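What TrEMBL annotates here:
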- 198-219: transmembrane segment (TRANSMEM)
- 269-288: transmembrane segment (TRANSMEM)
- 363-384: transmembrane segment (TRANSMEM)
- 396-413: transmembrane segment (TRANSMEM)
- 434-457: transmembrane segment (TRANSMEM)
- 467-573: domain 'TMC' (DOMAIN)
- 528-554: transmembrane segment (TRANSMEM)
- 574-597: transmembrane segment (TRANSMEM)
- 645-666: transmembrane segment (TRANSMEM)
Amino acid sequence: MLSDDQLNEIIVEAENVPSRVVPEKTPVNSSFSMVSSISDIDVTDSQSFGNPDDKKSKQLLRFSTSLNESFLQTLHRSPGSVGIDTSHENIQGQKLIASLIPMTSRDRIKAIRNQPRTMEEKRNLKKMVDKEKSKQSHRILELNCCAQCLNSISRAYRRSKNSLSELLSYISLWQKTFKVIGGKFGTSVLSYFNFLRWLLKFNIFSFIVTFSFIIIPQFTVPEKNTLQFTGLEFFTGAGYFQDTVMYYGFYTNSTVQHGSSGAPYNMQLAYIFTTGACLIVCFFSLLFSMARNFRNNFINPHIYSRGITKLIFCWDFTITHERAVKLKQKNLSTEIRENLSEIRQENVKLTLNQQLIHVSAHLAAWVVSTGVAIACCVAVYYLAENNSEFLKNHQNPGAVLLLPFLVSCINLATPRLYSLFRLVERYETPRREVYILLIRNIFLKISIIGILCYYWLNIVAQAGEECWETLIGQEIYRLLLMDFVFSLADSLLGEFLRRLIGMQFPTSLGLQEFDIARNVLELIYAQTLVWIGTFFCPLLPFIQMITLFIMFYVKNISLMMNFQPPSKAWRASQMMTFFIFLLFFPSFTGVLCTLAITIWRLKPSADCGPFRGLPFFIHSIYSWIDTLSKRSGYLWVVWIYQNLIGSVHFFFILTLIVLIITYLYWQITEGRKIMIRLLHEQIINEGKDKMFLIEKLAKLQDMEKRANTSSFSMERRDVEQTSPLHVREHNAAHDLRFRRSVQEENPKV
């Protein structure tokens, strides 16, 4: 048998032999002799090239045999068809090349050598096979390269996403504090702090945008402030701050350009586009956050499983620190109490008399709360109308704080009155109580803001003041500052005094619980003022950012010192969705309406602000569109404005599509709830069936055990009654039968 090296040397020498000239037409007899020689070669090959048991040798034999059969079929045709049949030869050649390509290099050389061809044809065949294989390998390599590139891109995207999420979770504000609050007070109190952090992110984004596109360009325009700083400006917002970048009236209406080669920067367009971009981003962020929370808390079915799987399988065994272990245990115990309390509350059923008493108490509370809200709104309205005359008669700088002071007093006292209604109403679930308090408080606060907006847009703006936009910005600044001061005083003094009183009279009062509804509405009220005032005071997001940062630490300290955990534990996973919904409607929608009236219906001041000299604020956009319409390269912007932004039909169709999608998702949610309820019932029924079958099996097993014990006792009695001699004879016969069977199976033994 030849070795592999010897075979390769023989093949190389055979290829180097010069080819002989083959006649164009070969007789049939010579062809038959050629076939016989081929078969002889195959036999010798099968004997010389390896063992027949080898897999490659078998494949080579099968290939040579198939080639011989195809060649014999070609020879057995009619003499006329033995000539040049190009189509058939092309098909056979393609098949031959296709069969040679998948082989290894050694098997391919052997197969080509066994071909009934001249050396020149074999070389050409080898070149063609190598060429096709290189093409396929190149094509496969390109596909592999594309696939590898896509895989590498997707892998890099996943890694970057994971690393970014880890980085954000690592640098996330107050992560450890949130775990402590959730472990001690539950998810209901934790939802307030989550909402506060979420609003803080909003204001950080708004401040970055306004500072980059409005405030920094204004710093490049030299403006001197001739007013003196006295310190009272921190409370009134007037005086020295009036001629700074804090208010609308300080900004220029000219185009900022540095040097002849610098690009012009239109302050009018920058001011209105920056404010609009902030509102648009806030709008879509609210929609996205609301949809995501709605999907996670209402649509996904895992919320209906009571979190049992999470409580059983969620322990993180990588936790080794003792404080972290205790905190994790507190979180788990709090979640268990919340789940058990909800299950217990669902099973509570009231009688008819109790239901009538509850309904009457709720109606009375709603009547009283509505009357109180209307009285507060009327008081704010008359106070706002007489505020201008009051300020004219009193030249004291602190007189401007009267309206914010009274509004803050109403916002502080009225929600506490609403909280006392729980003693009469006595809701079955704490979540329903929080929802009712939120609705009452939001009705009060949004009504007060609506009255103030009416006062600003119809009295202050129409009074003919020198710069009414700056006056409105100062009013909003004072309201925001006064609300912050009252919140600090309530947290540091009021809640502390309430704790002292509760400790002195534990039987009657005791420690207080954290009022989620009142604190959340304070955040919504302040954020609504910030959104309205951003147009008149661009630095309000920065002020709100500072106040929220301070309020978090103040509320956290007050929570740990002055409050006790809720007496009725309940899960607040759906509260965040409700908070965002209240922030979106009516808060954010009311802000959009107010700013739309300001931009489209009010005339700007003639002596201050970037829009001075225009009949309306929106005319800056109109003039810009007219300028772009004269340039051929910007006609697409004009078309978008005329057919999309400025078209009522587009917004009507868009609103209709949004409503249809919302309705479809609502129906999907209801269908999933019904399906989940039916599946829960099916699981319960299957459990009952299994218990029934288990009881039946247990009874059958007991019956079988009794029957077996009775039969065993009968046999034992029979055995005891037989004599010992009979037993010995029986054993001897059994031994004899065993020996005979062994001898039959093994005769040698």
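Placed from the backbone N, Cα and C atoms, the Cβ positions cover glycine too.
No curator has checked TrEMBL annotations; they are predicted automatically.
Because the structure is a prediction, the values reported are computed rather than measured.
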Are there at least 3 C-beta pairs under 8 angstroms linking the transmembrane segment (528-554) and the transmembrane segment (198-219), leaving out pairs fewer than 6 apart in sequence?
yes
Could you give the number of helix, strand and coil residues in the domain 'TMC' (467-573) as assigned by DSSP?
78 helix, 4 strand, 25 coil
Is the transmembrane segment (434-457) packed against any residues at least 6 beyond its ends, judged by a Cβ distance under 8 Å, and which are they?
188, 369-370, 372-373, 376-377, 380-381, 384-385, 387, 407, 410-411, 414-415, 418-419, 425, 427, 472, 475, 479, 515-518, 520-521, 524-525, 528-529, 532, 575, 578, 582, 586-587, 590, 594, 597-598, 602
Residue list, the transmembrane segment (363-384) vs rest of chain: Cβ under 8 Å, 6 or more residues beyond ends.
402-403, 406-407, 410, 414, 417-418, 421, 424-425, 440, 443-444, 447-448, 451-452, 455, 459
The domain 'TMC' (467-573) [mean pLDDT, rounded to integer]:
86
